[in-house]
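Residues annotated as compositional bias 'Basic and acidic residues' in TrEMBL: 273-287. Summarising the annotation, TrEMBL assigns domain 'Fatty acid hydroxylase' to 80-215. What TrEMBL lists as region 'Disordered' is 272-300. Annotated transmembrane segment per TrEMBL: 6-25, 37-57, 77-94, 134-164, in sequence order.
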Amino acid sequence: MDNLIHYAIPAFVILLLTEVIVTAIQQKDYYETKDTLSSLAMGIGNVIIGLVGKLLVLGAYSLVYEYRFFTIDLTQWWAWVLLFFADDFSYYWFHRISHSSRYFWASHVVHHSSQKYNLGTALRQTWTGNVSGAFVFWIWLPLIGFHPAAILTMQAISLLYQFWIHTEHINNFPAVIEAVFNTPSHHRVHHGSNLKYLDKNHAGVLIIWDRFFGTFQKEEERPTYGLTKNIDSYNPVRIAFHEWAAIGRDVRQAGSFRQVVNYLFGPPGWSHDGSRKTTRQLREADSTVHPGSRRSKILK
């Protein structure tokens, strides 16, 4: 089941230490000690708190499974192929909405809070994802007949895949692989705070969803990692809850029910007075300043 993640922890540690050593030998700036320790602390917290979260998820999936439309026979090879695509499709929409709705961003922002991009960053995981309802994006799978244990297993396989793509040591693969799979190059774009890279490449395993739904961006210049406004803290508790705290402050100061809803579920960066900007607003402003740029032409 998703114990696969726990079994993989020794491999994560070995690969992480190997990358640290290679980075030091090559005298690259890919790691920073305090940042890496923060990422490790977030990963440990995710595993511990995740034990409770997984019980919630398993309970929800099991409840829905009782009312399933069909029973999919998982002894058939095609059922696992179908589950793979269904899980990856669900992950794409979970990931995309986690960047377009502040409620889900409050958990996901943790993963983007590092200004480095390395295997340690892969371990910088949320403490609040499952308890805040991220699992709803997969709730249709038990409803159509996939067993909850199989869903959790496939989710774990997807996360295992996504670990190794958090690296700057791998450039590009042959074009056919880059066309189909999420690769280090594609995912570096996703972690970039450069305007052209914001809210792009939401893939889990397959990049085909981004290409089909128009959220793909090829890596051009090296990304600037982190947030558009970094939190500048290595404190794991602050990293885990800073956006939830910010939502609380905004909701308390909201002047109407509509503002409350927008502060909770609107896009990150939304503000009633325009003092902050969403990704769309940033791009609109950029296209006004640089009307002849290639990017502004694409956005029009």
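Cβ coordinates are placed from backbone N, Cα and C, and glycine is handled just like the others.
Keep in mind that TrEMBL annotations are predicted by a computer and have not been checked by a curator.
Worth saying up front: this structure is predicted, and the values here are computed from it rather than measured.
Note on the domain 'Fatty acid hydroxylase' (80-215): DSSP counts are 85 helix, 3 strand, 48 coil. Through the fold, the transmembrane segment (6-25) approaches residues 31, 36, 47, 118-120, 122-123, 160, 163-164, 167, 169 of its own chain, all at least 6 residues removed from its boundaries and within a Cβ separation under 8 Å. Mean pLDDT across the domain 'Fatty acid hydroxylase' (80-215) comes to 98 in this model. Helix, strand and coil residue tallies for the compositional bias 'Basic and acidic residues' (273-287), in that order: 9 helix, 0 strand, 6 coil [DSSP].
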